[in-house]
Amino acid sequence: KVTIKGIERELICPACNELFTHPLILPCQHNICHKCVKEILLAFEDSLADGGSESSNQSSPRIKISSSSMDRIDRISRTGRKRNSLTPRSSLFPCPGCKRDIDLGERGINGLFRNVTLETIVERYRQAARAAIAIMCDFCKPPPQESTKSCMDCSASYCNECFKIHHPWGTVKAQHEYVGPTTNFRPKILMCPEHEMERVNMYCEICRRPVCHLCKLGGGHANHRVTTMNTAYKTLKEKLSKDIEYLLSKENQVKVYITHLDLLLKETECNSERAKEEASQSFEKLSHVLEEKKSEALRAIEASKNLRLEKLQMQTEEYQGLLENNGLVGYAQEVLKETDPSCFVQTAKQLHVRIQKATESLKSFRPAAETTFEDFVVDITKQEEILGGLSFHSSGLEIPEINEEQSRIYNKALISWECPGKTDSADTYVLEYHKLNREEESATWQKIEVCSKSKVISDLDDDSSYAFRVRGYKGSICSPWSQEVILRTPPAPVFSFLFDDKCGYNSEHLLLNPRRTSVESRAGYPLLLGSERMQVGCYTTLDYIIGDTGFAKGKHFWALRVEAYSYVVKVGVVSSNKMQKLFHNTHDVTSPRYEQDSGHDSGSEDAFFDSSQPCTLVTLGMKKFFIPTTPAAPKDPESRILPLPSSLGICLDCDKGKVGFYDAGCMKCLYECEVDCSGIMYPAFALMGGAAVHLEEAITAK
């Protein structure tokens, strides 16, 4: 026999946390009170109408249900509407047992079966709990007598006298079924909720619920596999009995597990107390250190105060001595009364020196000690930051490392990190960053919680350096901070454009990708045929291409990548006033002698660069960056050749008339010069031979 009290947890409704009252079986096989179903459905419907879903997961609808929903339940009950009217527009029901949305079907609540067996068990539990409380007769005149039996057909309880009166011999009522006193009046026959006049006599194996013959003939179970109720009863009872027998046969094993769990409970208690004690000791150590530092600081301030007071007191006494008939002045006045020259001279010489010092001190008065204690202000900013990040550290939790190759800053900042090992990886990460400012010694870290291993950060200031760091979290345990990585933002807002495939574009020599973000020059037959007609020492002209968007004012920045195999690439800017000259150059050849970046030291490059160039460009090629020949440029040709950065940035300031070329990885300026910004300025590119240029892609939120 199973003790009724031991199964109490199985008799509690998951919605109201009380004993079941008229429990219904949901399609997910969980049970819930009939009233709780209505309350949750109405609250769920209200939340859908309001655009929210907070009410769909409430643990106690009887407490949290709104008053308006309760009024609706009462109105529906009073008006006597059909049972179908209780079904809200939405057939979804948030089951509090499995935390999933369950489809109740077209009939909603009306399609749910009442769990009569569970209701009977709950009533047994209630009777065992209130054995000393009697069930009173429903028909006695006050005061009512204790009932002796309950009629299952009348759903009422009677004492002996009232039962004889309402169930006389020889009448139909005398044939009613009666049991001992109870408040649980279960139906004698289980009726179909969809066809209320039909009793269930079959069991649907697909839906796992009782059905009637009408459900099988033309209802929703027409094509389902069904069996007779007796067969289902025997099969399920046999399976349940076997499973129970198996569990009972494993009683010793279950007891072993329970004993082990009891030990784990005690061990957890002990370990938690030990952890609390260790944490308390750690904080006490910190407290002792702070107390010692506090005592040292207070002693230092007290010693400085005493020394300053002593100096100021002595200075006060010295100045009091300068008053008439007091101190030094009074003594000097007495010396002046001496009439003997020898004696006067003997005393007055030393006295005169003291009087002179006193006179000088009056001319430039300065206190002997400062009154402020600015030197004794304790700066605890860093300590506050460290204490704010105080947490449980795990030696097994890997310290993440920021990947500097994958992290970059362009229009936004993309920060990526990885863990060296694969064991005990973190669940979440915290990324912190702050702007480096020379004026502020201690900056405030901005904190972002991230579930992945990368994060895009927006709204960073231009031309600024930022420090980034990351740490991993697994529950309440965190790893130490990673090593800080410093990245610099572009000197100006990023300018977005594509290659122009119309203005001056030479499709025979240049090839654009479909997105117009890459251009490639191919050294094919046209170049060979052109070179065959040229004399030795000359080469054909460059193939130019510009951006499809320009600007006339402001400061803008863009970046690009040049393939390592590129022979000659020129990048820079061109004005709309000189664009016609750029694309309609009458010269078919360009001599190396007059090429601005040829390195030929003929003395004529400067004049050519200043007057003849239709655009401002720098030369790239063979993995090198060539600084143009200008009066300010180094005379040594080797010093004008720099390694080509992986990403080259260009910054044009129309207001100041300057263009700068940057290493976009570290935002270091490689070369800067003046440029004529009259007209609309466009990004300009030139390629010759085998070469390719790719525009830097903008960083998106994903």
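Every residue number used here counts from 1 along the chain in the order it is shown.
Glycine residues also receive a Cβ, built from the backbone N, Cα and C atoms like all the rest.
What TrEMBL says about a protein is an automatic prediction, not a curated fact.
Taken from TrEMBL, the feature region 'Disordered' covers 51-70.
Residues or ranges marked as compositional bias 'Low complexity' by TrEMBL: 55-70.
Counting residue by residue with DSSP, the domain 'B box-type' (187-229) contains 7 helix, 11 strand, 25 coil. Marked as domain 'B box-type' by TrEMBL: 187-229.
Marked as coiled coil by TrEMBL: 258-310.
The domain 'COS' feature in TrEMBL is assigned to 336-393.
According to TrEMBL, the domain 'Fibronectin type-III' annotation covers 396-492. Helix, strand and coil content of the domain 'Fibronectin type-III' (396-492), in residues and according to DSSP, is 0 helix, 43 strand, 54 coil.
The annotation domain 'B30.2/SPRY' is assigned in TrEMBL to 477-702.
Over the coiled coil (258-310), the average per-residue pLDDT in this prediction is 90.
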